[in-house]
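Residues or ranges marked as FAD binding site in TrEMBL: Val159. According to TrEMBL, the feature D-dopa binding site maps to Tyr235, Arg306, Gly340. Look at TrEMBL and you will find 9-353 tagged as domain 'FAD dependent oxidoreductase'.
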Amino acid sequence: MAAPSKKQIVVLGAGVVGLTTALKIQEQGGYQVIIIADILPSDPKSIRYCSHWAGAIIRPEGEVDKETFKVMWEMSAPEGGAEGCFLRERQTEYYCDKQDEPHPLAHMPDFRYLNDDELILGTAAGVEYTTVTIDIPIYLNYLLSRFLAQGGSIVRGSVQHISQVTEGGAYVFAGVKSGGATVDAIIVCVGIGARFLGGVEDKDIYPVRGQSVLLRAPWIRSGRVLLGKDGTLTYVIPRRSGTVIIGGTKDVDDWYPAPRPETAHDILSRSLAMCPELVPQSIRDQRAPTVEDLVPLVIEEGCGLRPARKGGFRLEVEWYPSEHGQARKVPVVHNYGHGGGGFEGSWGSASVALQLLEKALAQT
Ligand SMILES: Cc1cc2nc3c(=O)[nH]c(=O)nc-3n(C[C@H](O)[C@H](O)[C@H](O)COP(=O)(O)OP(=O)(O)OC[C@H]3O[C@@H](n4cnc5c(N)ncnc54)[C@H](O)[C@@H]3O)c2cc1C
């Protein structure tokens, strides 16, 4: 007897959300998953691919994020399978205002409130906990290679309208004239691209631009965040491979695609004030550190557009016609609009997307 054929699922987007969702569905079994994306993790960094620019740290407050933390905590364990993508680290957060208790991160390992004498720069409260940071380029390529090893496929393409995929399948973007196998479902993980993708054109999507500086400072092994009174966000996020991301900014509706020099200087000076240890000990032994001492450590300046969405991220199913004039409908699962939390939402939202997919396919 012939084996039942696998359902063909097309995932649009190869950022952290698309890769994780595609992997989750492929590993479930019974599906042939094909990703279509115009930018892949191994490409040069681009303003149209936010995942390249993330810190990234996991600060799980909601249920979706807590599921991600559980997965990443296991992956980051010694012999956890992906230990080399993560750094387990102590994270300290400082706030200019007193915080409500219990703190939303009170469930994190080794959580504690800071004593007054541990506060810095006139802050009013602080906490400390253990979490993971992600080595972004390494982790994205890990996801991609695990997806391919599980039998998933990738097609490079820039989709103008959902109907191109419902009718032509994924391989029409690889030059195959008749699309081949029927597409059973589509998962939309295009981040900020959801604002422009025909058939979706979600005007609730908007950018929150984040600028950062990447340093080489392997002596930094714990992270810090300071939430300023004026809404400024200063962070130092060490990665396992010895680089450190410092930032940042949260510029709503700012589409500017290149780092601004004056902002980079401001980031260096705020980060130094919060974490003088960024400057090598040998210099600090002789004199007070300055911003100029950080300049030789700079690898690159960058910025990304966080795909924010009014009302929060979108996780739901819509039904689209399969072809012009045909009655058959194809379920389209939306998983986009994760703003500043696409990494921490990745595994939890992939689980929900898989559940939505299976429920929708059961109705076809
Ligand atoms: C400075 C900064 C720091 C951050 N720090 C953190 C952090 O510490 N923790 C955290 O969780 N998050 C962080 N984020 C947020 C995180 O980076 C984003 O939430 C996440 O990258 C969004 O991923 P995504 O897969 O939805 O979108 P993207 O990474 O933008 O991927 C979108 C994909 O869709 C493809 N695409 C789009 N349109 C089309 C189309 N029409 N046809 C074909 N392909 C298309 C693109 O090519 C790409 O492959 C940070 C972001 C910034 C900028």
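Sequential numbering from 1, following the chain as shown.
Heads up, the Cβ atoms here are built off N, Cα and C, so glycines get one too.
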Averaged pLDDT score, the domain 'FAD dependent oxidoreductase' (9-353): 96
Pairwise Cα distance maximum in Å, D-dopa-binding residues per record: Tyr235, Arg306, Gly340: 16
Pairwise CA distance, Gly340 (D-dopa binding site) versus the residue listed as 'FAD binding site', rounded so that it is a whole Å: 24
Which same-chain residues, if any, lie at least 6 apart from Val159 (FAD binding site) yet have Cβ under 8 Å of it: Leu12, Ile36, Asp38, Val165, Phe173, Val190, Leu197
Nonlocal neighbours by CB distance (under 8 Å) for Arg306 (D-dopa binding site), same chain, sequence gap 6 or more: Cys50, Pro207, Val208, Arg209, Gly210, Lys250, Gly339, Gly340, Gly342
Surrounding CB atoms that lie within 10 Å of the CB of Gly340 (D-dopa binding site), all protein chains: 21
Listed in sequence order, residues not in Tyr235, Arg306, Gly340 with Cβ within 8 Å of the centre of the D-dopa site Cβ atoms: Ala54, Gly55, Val208, Gly210, Leu233, Gly247, Gly248, Lys250, Gly339, Gly341
Cβ packing number for Tyr235 (D-dopa binding site), 10 Å threshold: 24
